[in-house]
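Student: The structure's right below; bear with me while I get my questions together.
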Amino acid sequence: MEEGGRDKTPVQSQQPSATAPSGADEKSSGKERRDAGEKDKEQELSEEDKQLQDELEMLVERLGEKDTSLYRPALEELRRQIRSSTTSMTSVPKPLKFLRPHYGKLKEIYENMAPGENKCFAADIISVLAMTMSGERECLKYRLVGSQEELASWGHEYVRHLAGEVAKEWQELDDAEKAQREPLLTLVKEIVPYNMAHNAEHEACDLLMEIEQVDMLEKDIDENAYSKVCLYLTSCVNYVPEPENSALLRCALGVFRKFSRFPEALRLALMLNDMELVEDIFTSCKDVVVQKQMAFMLGRHGVFLELSEDVEEYEDLTEIMSNVQLNSNFLALARELDIMEPKVPDDIYKTHLENNRFGGSGSQVDSARMNLASSFVNGFVNAAFGQDKLLTDDGNKWLYKNKDHGMLSAAASLGMILLWDVDGGLTQIDKYLYSSEDYIKSGALLACGIVNSGVRNECDPALALLSDYVLHNSNTMRLGSIFGLGLAYAGSNREDVLTLLLPVMGDSKSSMEVAGVTALACGMIAVGSCNGDVTSTILQTIMEKSETELKDTYARWLPLGLGLNHLGKGEAIEAILAALEVVSEPFRSFANTLVDVCAYAGSGNVLKVQQLLHICSEHFDSKEKEEDKDKKEKKDKDKKEAPADMGAHQGVAVLGIALIAMGEEIGAEMALRTFGHLLRYGEPTLRRAVPLALALISVSNPRLNILDTLSKFSHDADPEVSYNSIFAMGMVGSGTNNARLAAMLRQLAQYHAKDPNNLFMVRLAQGLTHLGKGTLTLCPYHSDRQLMSQVAVAGLLTVLVSFLDVRNIILGKSHYVLYGLVAAMQPRMLVTFDEELRPLPVSVRVGQAVDVVGQAGKPKTITGFQTHTTPVLLAHGERAELATEEFLPVTPILEGFVILRKNPNYNL
C-alpha cells in the first residue's frame with residue numbers, strides 16, 4: 001500500500017534528489033514517506049474536510065498571485081475560517097491543521113507584501129498559525145507587527161500560547177532594553193484582563209510573576225475573582241525566593257484592602273511580620289464588628305496593639321486582644337463537652353490494664369522520680385481547667401512527696417492547671433510564696449508566670465510579683481522568677497521587663513544556669529524583634545565567659561536566646577554571626593548554627609536546608625575525639641557516658657532542618673525522608689536529635705508513619721535516642737487523645753518498668769498525649785496553617801534544644817524547662833459569637849481540608865465532613881464551614897473565635 005502510495009505521490013517530481021548528496025537523499029525519502037502517509041490520510045478525509053482543505057489551499061495560492069485586490073477578501077476568508085472552527089479542546093482546529101504545511105509559504109508572501117493593512121492582516125494570521133509550529137517565538141513576533149486587533153477574537157489557546165512567549169522573551173531582555181519591553185507590556189495589559197474575565201486568574205498571575213509586574217493585578221481584579229487570585233498568590237509564596245515572596249504577599253494584601261476585606265489583609269500583614277502595617281489595617285477599618293474579629297485574630301497570634309483611648313469600643317478591643325476571656329471561653333467549651341471532672345495521673349496511665357506477672361501494678365513504690373512525673377502529667381492533663389485532685393485541694397501534701405528541684409516543678413504545675421485565669425489563679429498560688437522551702441517558693445513564682453502566659457493584664461501582676469526575686473540571693477529563686485517572666489511576657493518585647501532581666505546575665509552571683517535561663521527569657525520576650533539590647537547583652541555574656549564555662553551544658557541557652565530574638569528574620573543575623581567568630585570551638589559552631597536556623601524558622605528555605613545537610617554529613621574521627629577529650633561541650637557527671645563534643649552543632653542542624661521545613665508540606669515530606677537516612681547512618685549526636693526533629697515537623701499531628709518510626713527507636717540501644725523518641729511521641733500526639741498512641745505508650749511503660757529514666761519519659765509522653773484532656777494543641781501554626789506563632793515556636797525550641805542534652809538537663813535538675821511548652825499551648829476549638837459577643841451555637845460542617853488553589857468554579861473546600869454544633873474541636877488538617885445560610889462569618893477562616901452576622905438575604 002505504501003509503495004503504491006509513494007509511486008503516485010505528485011510531490012516527488014519536485015524533489016531535487018538527483019543532484020542532492022546522500023544525506024539529502026535520506027531526507028527526501030523520509031519526506032516521501034511522510035507525504036505518502038499524508039496521501040493515505042487524504043483518502044481518509046471526509047468530503048467536508050476535503051472541501052475545506054482545497055478552499056484553504058486556493059486562498060493561500062491567491063495570496064501568492066500578483067493581483068493585490070484579491071488579498072483582502074482572501075485574508076478575510078482565512079480569518080473567518082480560523083475563527084469559526086469550533087472544535088474540541090483536545091485536538092488542533094481543522095483550518096490550522098490544513099494550513100500548517102503552507103506556513104513557510106505564508107511567511108514568504110508576508111515578506112513580499114507591500115506595507116499596509118493587508119500586511120498587518122497577514123501577520124495576524126501567521127501569528128495564530130505559529131502556535132502549531134515549534135518556531136522561535138514567531139507567534140509573538142508576528143503579533144507585534146500585526147494589526148493589534150482584539151486578542152479575544154482568536155480564542156483562549158492563542159492567548160495562553162502568546163503569554164508563554166511573552167514571559168520567555170521578557171526574561172531574555174535586560175533592564176537596559178526598556179524600549180523593547182514596552183510593546184511586551186502593552187500585550188500583557190491585554191492578556192491579563194482577558195484571563196481575568198475567562199476564569200484563568202492563575203494564568204494571569206503566572207504571567208505577571210514571570211515578568212515581575214505583579215502590581216498590575218490590582219487594577220484588573222473584580223469582586224468575583226479577587227479571592228481566587230489572592231489564594232493563588234499566597235500559595236505561591238512558599239515557592240519563590242526573597243524578596244519576591246514579600247512582593248506577592250503585599251500584592252495580595254493590596255487587593256484585599258481594595259475590596260475592604262480587612263481580616264484577610266490583617267492575616268497577610270501578620271505573615272509579613274510588619275507591625276506598622278498591622279496597626280494601619282486595624283485602625284483604617286471603621287466597622288467595629290470587623291475590628292473585634294481582628295482583635296481576636298491578633299490575640300490568637302500573640303500580638304497586642306497599643307490603641308489610643310478615643311478608639312470606638314476601646315475597652316472591648318483591648319480586652320479581646322489581651323485574651324482576658326480565653327479562660328472563661330475555654331471552660332465553656334469544657335462544660336459543653338462535659339469534661340470538667342478533674343483527672344488523676346492513674347486515669348491516664350491506666351495501670352489496671354498493665355498485665356504484670358505479679359498481678360496488679362508492679363511499680364507501686366512511691367519514688368521521687370515517679371512523683372515528679374505525676375506532677376507533670378497532672379499539670380498537662382488538667383491544664384487550664386482550674387481544678388485537679390493533687391494540688392488545688394491540699395497541695396502541701398503532694399509537694400512534700402517530691403525532692404528539691406522536684407518541688408519546684410511540682411509547685412509550678414499549679415500554674416499550668418490555672419492557666420490563663422489571672423484573677424482566680426494568683427490567689428490560689430499566693431500561699432506557696434510564703435513557704436519555708438526555697439524550691440516551693442521558686443516553683444510558685446514560676447507558676448505565677450505560667451498563669452499569665454499569653455494573657456495581658458493592665459495591672460501587670462506577674463511583673464509586680466516576680467520582679468523582686470530576679471536578683472535574689474538564692475539562684476533557685478532567680479530561676480523561677482526569671483523563667484516565669486519569660487513565659488508571662490513572651491512576644492511582648494516589653495522594655496521594662498527586659499531592663500529588669502538583662503543585668504542578671506552579667507551578675508557575678510548568677511550561675512551558668514541562671515545566665516542561660518535569663519538569655520532564654522529575654523529571647524522569648526523579644527522573640528522575632530531583633531532587639532538590640534538583648535543581642536548586645538547576650539553577645540557580651542558569651543564573650544566574657546571562659547572556655548570552661550562555655551562547656552557547661554547550660555551555655556546552650558545563651559545562643560538560643562540570641563536565635564529567638566532573631567526568629568524568622570533571615571539575613572538580619574549576618575552581624576551576629578560575624579561577632580561570634582571570636583568564640584572558640586566547639587561553642588562557635590553550635591552558636592552559629594543555632595542562630596542561623598532560628599533566623600530562617602518556618603521559611604521553607606531550600607538552600608538553608610542544603611547547608612544544614614552538609615553539616616550533618618561532616619564526619620569527626622575517633623582520633624580527633626581522643627585529642628579533643630578536653631574540648632567538651634557538655635559537662636557530664638557520668639564518666640562512662642562519652643559526652644558529645646565537636647559534633648554538638650550537628651544536633652542543632654537536624655533540628656534546624658525540621659524548623660525550616662515545617663512551614664510547608666512538600667518540604668516537610670522531604671525532610672522526613674532525610675531523617676530516615678540520618679537515623680540509620682548518622683553519628684550518635686545526629687541520631688539523638690532526629691526524634692526531636694520528627695516531633696517538631698509534626699507537632700500535635702499523630703501521623704502513623706512518624707509514630708511507627710518513633711516507636712521503633714524508643715527501644716534503641718542508645719538510651720538518649722530512646723528518651724528523645726519517647727518524648728517525641730508525646731509531642732506528636734499532644735492534645736489529641738490518640739488511642740493508638742496511648743496503647744503504644746502503655747506497652748512502653750511495661751517494657752521500661754524497671755528503668756526509671758525511660759519510664760519518666762513515657763509518663764511525660766502520656767501526659768502530653770492527653771494535654772488539656774484532648775482540647776489543647778502545641779502546633780505553632782494556625783489560621784489554616786498559614787500563620788506561624790513565634791511565641792509558640794520559641795516555647796517548643798526551648799524544650800527541644802534542652803532535650804539535645806536530655807541526660808543532664810531534663811533528667812537532671814532542670815526539668816522545669818518543660819514548662820516552655822506552655823507558650824505553645826492553645827485551645828484547638830471553634831467558638832462562634834454574635835455581634836454583641838454573646839456565644840451563638842450554630843451548626844457547622846467539620847471535615848478534612850481540601851486544597852482548591854487554581855481550580856475553576858467554586859469547589860468544595862472540605863471532604864468527609866460531619867455536622868456539629870459550636871463550640872466544636874478542630875483536629876489537625878481539619879476545616880470548618882457554616883452549615884446554615886442564616887449567618888455570615890466576618891472572617892473566611894473558621895478557627896478559634898469567630899463573629900457571625902445575620903445574613904440580610906436569608907429567607908426563613
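Heads up, the Cβ atoms here are built off N, Cα and C, so glycines get one too.
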Student: Of the residues S13, S28, S85, S361, which is given the phosphoserine tag by Swiss-Prot?
Tutor: S361
Student: Could you give the Cα-Cα distance between K551 (N6-acetyllysine) and Y194 (phosphotyrosine), in whole Å?
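Tutor: So the Cα of Y194 (phosphotyrosine) lies 65 Å away from that of K551 (N6-acetyllysine).
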Student: Quick test of the contact rule: Cβ under 8 Å, at least six residues beyond the ends. What residues does that give for the repeat 'PC 1' (409-442)?
Tutor: 323-324, 326-327, 330, 371-372, 375-376, 378-380, 382-388, 391-392, 395, 398-399, 402, 448-455, 457, 461, 465, 469, 474, 476-477, 479-481, 815-816, 818-819, 822, 825
Student: Near the repeat 'PC 6' (692-723), which same-chain residues lie under 8 Å Cβ to Cβ, leaving out any that are not at least 6 residues past its ends?
Tutor: 654-655, 657-659, 661-662, 668, 671-672, 675-676, 679, 684, 729, 731-736, 738, 740-741, 744, 748, 751, 757-758, 761, 777-780, 796, 800, 803-804, 806-807, 810-811, 824, 828, 876-877
Student: Within 10 Å of the Cβ of Y194 (phosphotyrosine), how many other Cβ atoms can you find? Include all protein chains, please.
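Tutor: Other Cβ atoms within 10 Å of Y194 (phosphotyrosine): 20.
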Student: Pairs of Cβ atoms less than 8 Å apart decide it: which stretch in 443-479, 480-514, 517-551, 742-757 has the most with the repeat 'PC 5' (560-589)?
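Tutor: So the stretch in question is 517-551.
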Student: Restricting to the repeat 'PC 1' (409-442), report the mean pLDDT as a whole number.
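Tutor: It averages 87.
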Student: Which whole-number value in Å describes the distance between the Cα atoms of S147 (phosphoserine) and Y194 (phosphotyrosine)?
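Tutor: Rounded to a whole number, the Cα-Cα distance is 18 Å.
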Student: At a C-beta cut-off of under 8 Å, are there same-chain residues at least 6 beyond the repeat 'PC 3' (480-514) that contact it? List them, or none.
Tutor: 302-304, 408, 412, 441-454, 456, 462-463, 466-473, 520-529, 531, 533-534, 537-538, 540-541, 544-545, 549, 552, 554-555, 790-791, 794-795, 814, 816-817, 819-820, 822-823
Student: Taking the Cβ of K551 (N6-acetyllysine) as the centre, count every other Cβ atom within 10 Å, in any protein chain shown.
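Tutor: Total other Cβ atoms inside 10 Å, all chains included: 21.
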Student: Tell me, how many other CB atoms lie within 10 A of the CB of S147 (phosphoserine), whichever protein chain they belong to?
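Tutor: S147 (phosphoserine): 14 neighbouring Cβ atoms within 10 Å.
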